[in-house]
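Data block below; observations after.
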Amino acid sequence: MATCEEVPEALKGQLDVARGLENLPVSAWPPGAEPEPFQYTPDHVAGPGADADPSQITFPGCACLKTPCLPGTCSCLRHENNYDDRSCLRDIGSEAKCTEPVFECNVLCQCSERCRNRVVQWGLQFHLQVFKTDHKGWGLRTLDFIPKGRFVCEYAGEVLGISEVQRRVQLQTIHDSNYIIAIREHVYNGQVMETFVDPASIGNIGRFLNHSCEPNLLMIPVRIDSMVPKLALFAARDILPEEELSYDYSGRFLNLMHSEDKERLDNGKLRKPCYCGARSCAAFLPYDSSLYCPTEKPDTSEEGRA
């Protein structure tokens, strides 16, 4: 079970970017600097065109009242334990972890709050800081050591319908950052479940994460109370204090992609430069052509996730 750690003396009195809505305060650097205003939310909120309200409870709970939640007996554990005894995501980066859904126990479950299958729902467990980078605007870094597999933060914001996504993208200029992310999950019957999240105006600290071609975070959809997944970011390796946190905007990192998803990411003509500095840097940020209306081609004022 999560507990709020004591705030380090050096962080006391500093701006809390999270406005007191997270387990731990999120400081900003340099002192006196403050990111552009936005409405903070630690969780998804329903936006225009959303197919489902992420705040509604749609999953039944397990009946593990007197026994621990284990695969085969707990309805929330479909295949195997999601986390180990240290609250680390099991087999992170493996093909199985990228293809099997992750369900945590929820508010209707009869198991204890100390259940090992409750991790993402407890929020921030490490001190994070929003900071000004040299070439990428604002970024997010950790002030603590983060072991491989531990949950770091969510990417939370407005859950949108595709028409609203395309409308918002069309209004962007080449100089605007696009925070909208499209998550596509290929289910057993060949269908694709799409989730669109935009934290530009309403979101959490995940909006400050920059792209890297060799990131230290991996995004995994995690479901708790609703079919709308939480976009949970886990440490793909051990992360040292003051390291910038990043993930791969394209979803390619440690993940198998379907051919149609690769095509969506490769069709873009206009690309923003990538400043991640990785040895395998692709030189340009990923571009998702599906965010544009299929009947229209983006002109010089439009760009994908950046």
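From the backbone N, Cα and C atoms, a Cβ is placed for every residue, glycine too.
Copied over from Swiss-Prot, here are the features:
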DOMAIN    60-123  domain 'Pre-SET'
BINDING   Cys62, Cys76, Cys105, Cys109  Zn(2+) 2 binding site
BINDING   Cys62, Cys64, Cys69, Cys74  Zn(2+) 1 binding site
BINDING   Cys69, Cys105, Cys111, Cys115  Zn(2+) 3 binding site
DOMAIN    126-250  domain 'SET'
BINDING   Lys136, Gly137, Trp138, Tyr179, Arg207, Asn210, His211  S-adenosyl-L-methionine binding site
BINDING   Cys213, Cys274, Cys276, Cys281  Zn(2+) 4 binding site
DOMAIN    270-286  domain 'Post-SET'
Between Tyr179 (S-adenosyl-L-methionine binding site) and Cys274 (Zn(2+) 4 binding site), find the distance joining the two CA atoms and give it rounded to the nearest Å. 15
Between Lys136 (S-adenosyl-L-methionine binding site) and Cys276 (Zn(2+) 4 binding site), what C-alpha distance do you get in Å? 9
S-adenosyl-L-methionine binding residues Lys136, Gly137, Trp138, Tyr179, Arg207, Asn210, His211: largest Cα-Cα distance, in Å and rounded to whole number: 14
I'd like to confirm something. Which of the binding-site residues, Cys111, Arg207, Cys276, has a Cα closest to the Cα of Cys105 (Zn(2+) 2 binding site)? Cys111
Within 10 angstroms of the C-beta of Cys213 (Zn(2+) 4 binding site), what count of other C-beta atoms is obtained when all protein chains are considered? 22
Going by Cα-Cα distance, pick out whichever of the binding-site residues Cys62, Cys74, Cys281 is nearest to Cys111 (Zn(2+) 3 binding site). Cys62
Binding-site residues near Cys115 (Zn(2+) 3 binding site): from Cys62, Cys69, Cys74, Cα within 10 Å gives Cys69
Are there any residues in the same chain, six or more apart in sequence, whose C-beta is under 8 angstroms from the C-beta of Cys62 (Zn(2+) 2 binding site), and if so which? Cys69, Cys74, Ser75, Cys76, Cys105, Cys109, Gln110, Cys111
Please report how many Å separate the Cα atom of Arg207 (S-adenosyl-L-methionine binding site) from that of Cys276 (Zn(2+) 4 binding site), as a whole number. 17
Cα of Cys276 (Zn(2+) 4 binding site) to Cα of His211 (S-adenosyl-L-methionine binding site), in Å and rounded, measures 7
Cβ-Cβ distance under 8 Å to Asn210 (S-adenosyl-L-methionine binding site), same chain, at least six residues away: Thr133, Lys136, Gly139, Leu140, Glu244, Ser246, Cys276
Across the domain 'Post-SET' (270-286), DSSP labelling yields 0 helix, 2 strand, 15 coil
Have a look at the binding-site residues Gly137, Trp138, Cys213, Cys281 and say which one has the shortest Cα distance to Cys64 (Zn(2+) 1 binding site). Cys213
Using C-alpha positions only, work out which of the binding-site residues Cys213, Cys274, Cys281 is nearest to Trp138 (S-adenosyl-L-methionine binding site). Cys274
